[in-house]
Amino acid sequence: MPIESGSCASARQAKQKRKSHSLSIRRTNSSEQERAVLQRDMLEGQDSKLPSSVRNTLLELFGQIEREFENLYIENLELRREIDTLNERLAGEGQAIDGAELSKGQLKTKASHSTSQLSQKLKTTYKASTSKIVSSFKTTTSRAICQLVKEYVGHRDGIWDVSVAKTQPVVLGTASADHTALLWSIETGKCLVKYVGHVGSVNSIKFHPTEQVALTASGDQTAHIWRYIVQLPTPQPTADCNQVSGEDEVEFSDKDEPDGDGDGSSDCPTVRAPLTSLKSHQGVVIAADWLVGGKQAVTASWDRTANLYDVETSELVHSLTGHDQELTHCCTHPTQRLVVTSSRDTTFRLWDFRDPSIHSVNVFQGHTDTVTSAVFTVGDNVVSGSDDRTVKVWDLKNMRSPIATIRTDSAVNRINVCVGQRIIALPHDNRQVRLFDMSGVRLARLPRSNRQGHRRMVCCSAWCEDHPICNLFTCGFDRQAIGWNINIPALLQEK
């Protein structure tokens with residue numbers, strides 16, 4: 001009788017275990033309906049003051065939790081069996097591999113590595129499943145706390161950046177790949193001014209701290225400073241954008257995106273030429289910002305440099321070199337002469353111009369992929385976001401390690417911090433916008449449901465803490481910006 005090889009025996013054993021696992025799942029599924037009926041009967045027999053609809057919803061949620069953890073338990077058992085099988089196989093192969101003796105140290109190292117891989121798989125599976133359960137609760141509360149108020153539709157291509165004016169009248173600004181920047185009435189959603197001075201994608205827009213002047217950065221290798229004059233229209237009654245139908249997660253195609261034609265932006269006043277054009281870069285200018293006081297501006301470019309300019313003379317004051325790859329963003333401190341730049345080289349740099357005679361630079365390596373943005377908060381904190389799906393909070397007094405790390409399921413784009421309440425808004429590639437506090441605790445997720453929220457990648461966010469109607473704005477590559485009302489006291493109370 002032929003003798004069965006060790007590998008064949010292992011394969012047959014694994015097949016039998018998979019079959020057993022499949023049967024256990026089928027048995028679990030077949031009993032779910034009976035269990036749900038029994039739970040409903042028990043719940044109906046109890047004396048409760050909850051409405052029946054609420055009770056049914058709770059029952060369904062707890063049933064979902066039970067099913068998720070049951071599946072996790074089954075997967076856990078299966079992974080444990082696989083670990084045991086692997087250890088037995090490695091112990092058997094330790095006698096002779098390719099005709100050579102395998103030392104105990106080598107065998108131990110190999111077994112440890114394989115066990116570590118399976119353990120990591122188990123941790124990942126558990127984390128993903130439990131996150132899904134927690135998200136089901138967060139979505140219900142987020143809808144009441146985070147409400148869509150206004151949509152700003154008028155661009156003919158994706159919107160890269162959104163910003164809010166710091167002076168009266170307070171207007172919203174958007175920068176788009178359609179080569180234009182638009183200014184909007186926050187209350188009515190009407191386009192007030194169109195800037196058409198660039199011949200490339202407009203990648204960034206920032207408002208002067210004290211004047212009706214805007215700074216835009218473009219793919220045409222320049223940054224423009226231009227003046228605007230706006231008169232806010234009378235607010236009109238708006239329809240309730242919070243009436244939602246359908247399921248919470250709905251996929252959209254390009255035909256569902258805002259058209260951009262007949263939206264009123266074509267007949268608003270147009271600014272065609274800048275007051276000043278900043279020209280020193282040899283590549284795309286991806287971002288620009290004003291230094292405190294508004295007398296100087298900083299730009300970040302794909303030519304791997306950031307430039308500091310005198311606004312009145314348009315002269316280059318400093319060329320900030322050192323990044324190994326293209327820059328992705330730049331940000332200035334609200335009260336001090338500090339600049340932070342981020343890059344595809346996985347680092348961000350802090351530039352100090354507080355001493356006029358010298359400027360120092362510090363390099364921070366806290367990410368494993370492109371740093372998409374780094375921003376200041378009031379005080380001594382910097383928040384950085386990355387394509388490595390993490391956001392990190394840093395203390396400027398000790399930048400050797402972050403004081404908080406937020407791990408997400410998608411690349412993070414240009415983040416923004418609500419300074420007064422210390423809330424971080426994270427726009428994602430996967431169309432989500434999530435809110436966290438500075439300690440890394442998740443507060444909410446903005447609604448993303450049928451005909452509500454962004455339908456493609458969310459590129460940027462901007463807080464406007466003092467506005468009575470909209471205090472958070474987001475923009476995306478679905479050609480629209482959205483104004484949200486975040487009930488911050490309720491949000492922090494939920495935490």
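A Cβ is built for glycine as well, from the same backbone N, Cα and C atoms used for every other residue.
Annotated features in TrEMBL:
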REGION    1-34  region 'Disordered'
COMPBIAS  22-31  compositional bias 'Polar residues'
REPEAT    152-194  repeat 'WD'
REPEAT    195-226  repeat 'WD'
REGION    237-270  region 'Disordered'
COMPBIAS  246-264  compositional bias 'Acidic residues'
REPEAT    278-319  repeat 'WD'
REPEAT    320-361  repeat 'WD'
REPEAT    364-404  repeat 'WD'
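Residues in the repeat 'WD' (152-194) partition by DSSP class (helix H, G, I; strand E, B; coil) as 0 helix, 21 strand, 22 coil.
Taken residue by residue, the repeat 'WD' (320-361) breaks down under DSSP into 0 helix, 20 strand, 22 coil. Each residue of the repeat 'WD' (195-226) gets a DSSP state, and the totals for helix, strand and coil are 0 helix, 17 strand, 15 coil.
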